[in-house]
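A quick write-up on the structure given underneath.
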Amino acid sequence: MNSDHTIKSIQDLFKEELKAVFPQREIESVTYILLEHLLNYSKIEIHLNKNEKIEQNILDEICKALGALKKSVPIQYVIGETEFYDLTFKVNEHTLIPRQETEELVHAIINENRIISPKILDIGTGSGCIPIVLAHNITGANISSVDVSEGAIATAKANAQLNQVKVDFYHRDFLKWEEFSWDKDFDIIVSNPPYVKESEKELMADNVLSYEPHTALFVDDNDPLIFYRRIAEFAKNHLKKGGKLYFEINEALGQEMIELQESLGFSSVRLMKDLNGRDRMTSAEL
Ligand SMILES: C[S@@+](CC[C@H](N)C(=O)[O-])C[C@H]1O[C@@H](n2cnc3c(N)ncnc32)[C@H](O)[C@@H]1O
């Protein structure tokens, strides 16, 4: 990349180079995210300074990022971070990129529970987005979170530090929860576990399939509710009376999720819709 590039010429270059990979609007958005990150500018500052020449070391970074974007690497992995519920999270090959429906789940938990200093367990930490946002927004909360991936736990610990909250993270295979000792008085248990059936792989976008960790996403077609069943069984014995269980779910499995939780003795089992009107969350009470 020659050293005469300005913000405007980079925007034009990206439009041309990425037109086979993304739709036009996405190219614009991805280019803004990258430039905001590398130049430490807001969108409006990018706009106001579009004739500014870009320094060589930044151009080298832009060149590397362009190569990755051409291979459909998600922009969040290219810059190594993303925004979730107004906080910044590091993301990498060990963590799922947090999704908007998960923000909605966290929002429901924050708004529906006014308990003083609740004790909360999150299962399937990933980037740590759920426990960290809860810790940031619920005063005095005592929060633990577990994940089978050591890489996810390390990233989540770094994110808790970045956002200056305390969460206790544990490396655990939750499908073997009987092998570990747990507190028995949680007020809230929450999970966004793996829930995409292996057979749904072919319907998924290449950039999800190629770059997001498969342990975070997929479950065996023969038992797609395995995590929900194991977590609900655990919650029956580890929630306080009146405690709440929250799940993010596969929109195709809403009815099964209600039946599963009612059959285990939970009450007030509720399906919740996301902003697009799809059944993407449940809440239940013990
Ligand atoms: C759908 S991701 C959710 C990540 C994060 N909570 C979020 O909402 O972005 C599911 C997480 O469960 C973890 N996981 C998969 N199998 C697990 C197991 N057996 N025990 C504990 N965690 C597991 C994955 O590593 C992944 O981080």
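Glycine too: its Cβ is placed from the backbone N, Cα and C atoms.
The domain 'Release factor glutamine methyltransferase N-terminal' feature in TrEMBL is assigned to 31-80.
Taking DSSP states H, G and I as helix and E and B as strand, the domain 'Methyltransferase small' (112-204) has 35 helix, 23 strand, 35 coil. Marked as domain 'Methyltransferase small' by TrEMBL: 112-204.
Taken from TrEMBL, the feature S-adenosyl-L-methionine binding site applies to GLY124, THR125, GLY126, SER127, GLY128, ASP147, PHE174, ASN192. Cβ neighbours of THR125 (S-adenosyl-L-methionine binding site) (same chain, under 8 Å, six or more residues apart in sequence): PRO131, SER145, VAL146, ASP147, ALA152, ILE153, ALA156, PHE169.
As annotated by TrEMBL, substrate binding site applies to ASN192, PRO193, PRO194, TYR195.
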Spatially speaking, which of the binding-site residues PRO193, PRO194, TYR195 is closest to GLY128 (S-adenosyl-L-methionine binding site)? Use C-alpha to C-alpha, please.
PRO193
Given a separation of at least six residues and a C-beta threshold under 8 Å, show me what packs close to GLY126 (S-adenosyl-L-methionine binding site) in the same chain.
THR95, LEU96, PRO98, ASP147, ALA152, ALA156, ASN192, ALA216
Take the mean position of the Cβ atoms of ASN192, PRO193, PRO194, TYR195, the recorded substrate site. Which other residues of that chain put their Cβ within 8 Å of it?
GLY124, SER191, ALA216, LEU217, VAL219, PHE227, GLU248
Express in Å, rounded to the nearest integer, the largest CA to CA distance found among the S-adenosyl-L-methionine-binding residues GLY124, THR125, GLY126, SER127, GLY128, ASP147, PHE174, ASN192 named in the record.
17
